[in-house]
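As written in TrEMBL, here are the features:
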type	residues	note
COMPBIAS	46-68	compositional bias 'Basic and acidic residues'
COMPBIAS	69-86	compositional bias 'Acidic residues'
DOMAIN	250-376	domain 'Thioredoxin'
REGION	45-108	region 'Disordered'
REGION	238-257	region 'Disordered'
REPEAT	110-143	repeat 'TPR'
């Protein structure tokens with residue numbers, strides 16, 4: 001070996017001795033496997049060799065996340081065995097000029113070309129048949145039957161788009177052309193346009209039913225049924241998702257209102273009320289939050305009120321989920337009047353916007369008992 005290579009190898013071995021973890025580098029897997037093939041013991045370290053191998057040899061798996069409201073439609077299982085690749089000819093087949101005056105001589109010549117085409121079809125010479133029918137169309141460009149006949153030949157050579165173009169012209173000249181409608185339906189079936197195909201074939205069968213049309217419908221209708229079932233299924237799922245989304249939005253809105261209401265209720269504190277509008281706001285907030293609301297009517301000159309006020313504040317601390325409000329009847333006399341307060345202290349208990357109980361006077365025991373009763377009743 002080259003002396004320089006030997007020196008590099010010796011240096012590398014010395015590095016391995018001082019730091020065996022180097023051996024677990026993903027780029028050195030080949031060397032580690034070689035050592036194992038010689039019977040060498042490769043030491044495992046804190047970051048195990050399995051960890052390194054996993055990083056080197058496995059790819060991260062990703063699971064796509066979809067919005068809760070997104071519906072991932074599955075493919076419809078259809079019988080596409082007879083579907084063909086669409087013909088996209090750069091130059092569509094020639095069409096006749098409908099403004100040209102058609103003489104009796106032209107009609108006879110067109111009929112002769114059609115007869116030649118039918119003979120060519122019977123011999124399987126479809127290109128020759130198309131040439132004859134095209135010549136017939138040039139001679140008699142307003143004949144629906146000529147376009148419909150050429151459409152059927154395009155079907156035989158698996159050119160459904162060309163057949164549809166001819167069928168459309170045939171139906172322009174004769175909306176009751178069963179042959180044109182049938183050809184267009186069968187062409188659309190070739191393209192996998194099952195619902196459109198069924199519509200044309202059903203119309204054609206009413207105009208002039210034949211066995212070939214019946215066989216085509218037996219092929220088309222099962223696919224149409226599967227498509228309809230698929231559509232109904234996902235319409236139902238989307239409707240369910242819309243209802244779920246609306247319900248979720250309603251819940252979120254309600255929860256937001258409840259959070260807003262709770263924030264305004266000052267848990268564990270006594271709220272002073274100065275007007276009817278303030279009391280209405282707190283009453284609505286307590287109702288939204290499904291909280292018991294206690295109205296404490298008091299006055300600065302009332303001795304029993306001065307005795308009950310510290311207890312009321314203490315009870316507010318003990319029952320943070322109960323709304324404690326205090327109303328000075330002299331300051332908010334309109335509120336006191338609306339509640340027909342004749343003496344203080346008076347405590348009115350409200351649940352869901354309605355009065356459910358009342359304590360009149362400095363009755364500490366009754367107040368505590370009724371708070372315990374009503375705060376746990378819901």
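Each residue, glycine too, has its Cβ placed from N, Cα and C.
No curator has checked TrEMBL annotations; they are predicted automatically.
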- Task: Count the residues of the domain 'Thioredoxin' (250-376) that DSSP assigns to helix (H, G, I), to strand (E, B) and to coil, and report the three numbers in that order.
- Result: 61 helix, 29 strand, 37 coil
- Per DSSP, what is the residue count of the repeat 'TPR' (110-143) in each of helix, strand and coil? 27 helix, 0 strand, 7 coil
